[in-house]
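Right, one structure below, let's go through it.
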């Protein structure tokens, strides 16, 4: 005990500041990795996008500074325009996964024998790798042997080659992507529905609310956190779409299913792609688009946290 | 020669001299250290060949440790740049002609002109050109194969058709095939390059090999009337309905069943398709081969893509790497690895014996006697990478929507002006 009394004057700088230092130390590994693998590469992309460089050898020696040249070229690049529009299509249509997931979740939110089995069956597509989903769907769409055309001809309709038709191919791929994404949103809503307050439902029922009005005014507002997460993962999923495209059409037919991430890969890293600078410029554009959403997400999270603190 | 190790090495050199004289010629000394090879020969047959090559070479040089790393062939096409930049191996696989260019320009492949100049590599004169950029040689070939029209001999017999020599005969044949309810050609253009094969041949036949190469070097605009003439010839076939439907959805392998099932009678493809056709159950009586027929009055040029070995410029064991390249190209090794038990392709060394196989023999005869126009590598190896990628995309689009030709050619022309400048 007497020893403890003597201690305070001997306390080092580290001990005195440990309340500030400890969290910083715990943050350090995360911050370090985030900086090395995320933040610094973002700035590197900006930097490289001002060069014409084939990605081999040193940037300083082999690269040629072109300033905004790559961006100017992007403006007139039709393939870029197609990719950008496809990204918009992906963003808009991928959001269908949210109402789809909500609908299935409401449907499955009941107590029937074996409901767990049904729930896991509905969740199954999300467990599958995207590559497998892509393969399964490309077999489904096969022009001659595919199930889709078998069904269409059964109903007396003309068979269609979804992935071979430049006007349809992107929609075909998005449909494939919606399958696992809907399952993901479903599981988010299922957990959300567990947290719905039964007393509020009861009160609403006493006031005579049912059906759509009950869903719209009572249930959905309580599902807001689930909706927010579903929105975030779906937007990010739509902008990240790459594997399905690579597996199902490889960007074709004649480049009609490319999105920005795929086009970037093609230009910078693929078999015939030796334009690091140009690829980086595409990456920067994609980053800026993502930044809009990321900023919105961060802002709404910050706002919510501030309200919670009040 | 007091040192027992060197004595052993001398004896070994002597014994290998009996096995592979071309190899042991100048290298009396033993090789040591480690030789690191990264190979893309990942398909089952090539993989066995590569593993045996490395093992045999290691056996000849007991002091040398051969480290072989086999990478998936498709994956290697994008991995090679990383492999060559950081901690490079000694020897790598790649492809000839313009496909080498980015690596040559960036100084990642070693200049091995001295090996050609010193006469260490003999019998490679005919393939040397494909390894040359800026008057220097950057690697050695190890195998090549012919392209041409593989067709169903039994269906041709049934319809009373014979191998055509001219484009008119080709189209007359095709009309009869179509009348019998079949398609003339199968093709899977999902990965684009198969369409490049059609363009290569149609352009080489319509305008000659030299013109084709001028186009590849960017010296002729894509909007040139001669290029349009090539597409006009192509269009004749497309308008007849000669090609299978929905080919943009299939890979080249997925297009094979059309020929196997007899729904299409012919396939313009490389010799690598033959083992697949045989495996699918077609006998040699049912498949045969002919050279792409004549269109204009030009000496025939042929596509014969060459696969290669290169020394990385950052190689640690250059001496061993050079010895390996020399070993691979020696007549005996060439005959063995390209034989029917190996790759089933053509040896690059003129002194090597050609396998006794119907298709390899026909291909050898065609390339050595009837390819007077010249030997091209292939669309995606002769054209610079970016031009090839854009070009093949345009070719696929043309095959599906021939009416878009003007737009496609405009696009390729503006790409040409940017890429070659």
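Glycine is no exception: its Cβ is also placed from the backbone N, Cα and C atoms.
Summarising the annotation, TrEMBL assigns domain 'ABC transmembrane type-1' to A:87-299.
Taken from TrEMBL, the feature transmembrane segment covers A:24-48 (among others).
Here the transmembrane segment (A:90-109) has Cβ contacts under 8 Å with residues 115, 118-119, 122, 170-171, 174, 177-178, 181-190, 192-193, 215, 223, 227, 230-231, 234-235, 237-239, 241, 259 of the same chain, all six or more residues outside its ends. Residues or ranges marked as transmembrane segment by TrEMBL: A:90-109 (among others).
Away from its own ends, the transmembrane segment (A:121-142) comes close to residues 104, 108, 148-149, 161-163, 172-173, 175-177, 179-184, 186-187, 243-244, 246-248 of its chain (Cβ-Cβ under 8 Å, at least six residues beyond either end). As annotated by TrEMBL, transmembrane segment applies to A:121-142 (among others).
Taken from TrEMBL, the feature transmembrane segment covers A:168-193 (among others).
Here the transmembrane segment (A:214-239) has Cβ contacts under 8 Å with residues 87, 90-91, 94-95, 97-98, 101-102, 106, 177, 181, 184-185, 188-189, 191-193, 195-197, 200-201, 204-205, 260-261, 286, 289-290, 293, 297, 300 of the same chain, all six or more residues outside its ends. The transmembrane segment annotation in TrEMBL covers A:214-239 (among others).
What TrEMBL lists as transmembrane segment is A:278-299 (among others). Sequence-distant neighbours of the transmembrane segment (A:278-299) (same chain, 6+ residues past either end, Cβ-Cβ under 8 Å): 42, 45-46, 48-49, 52, 70-71, 73-74, 80, 83-84, 87, 232, 235-236, 239, 260-261, 263-265, 267-269.
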Sequence-distant contacts of the transmembrane segment (A:168-193), meaning Cβ under 8 Å and at least 6 residues beyond its ends, amount to 86, 89-90, 93-94, 96-98, 100-102, 104-106, 108-109, 119, 122-126, 128, 130, 133-134, 137, 141, 160, 162, 219, 222-223, 225-227, 229-230, 233-234, 237-238, 241, 244-245, 248-249, 252-253, 256-257
Outside the transmembrane segment (A:24-48), at least 6 residues beyond either end, the same-chain residues with a Cβ under 8 Å of its Cβ set are 59, 63, 276-277, 280, 283-284, 287
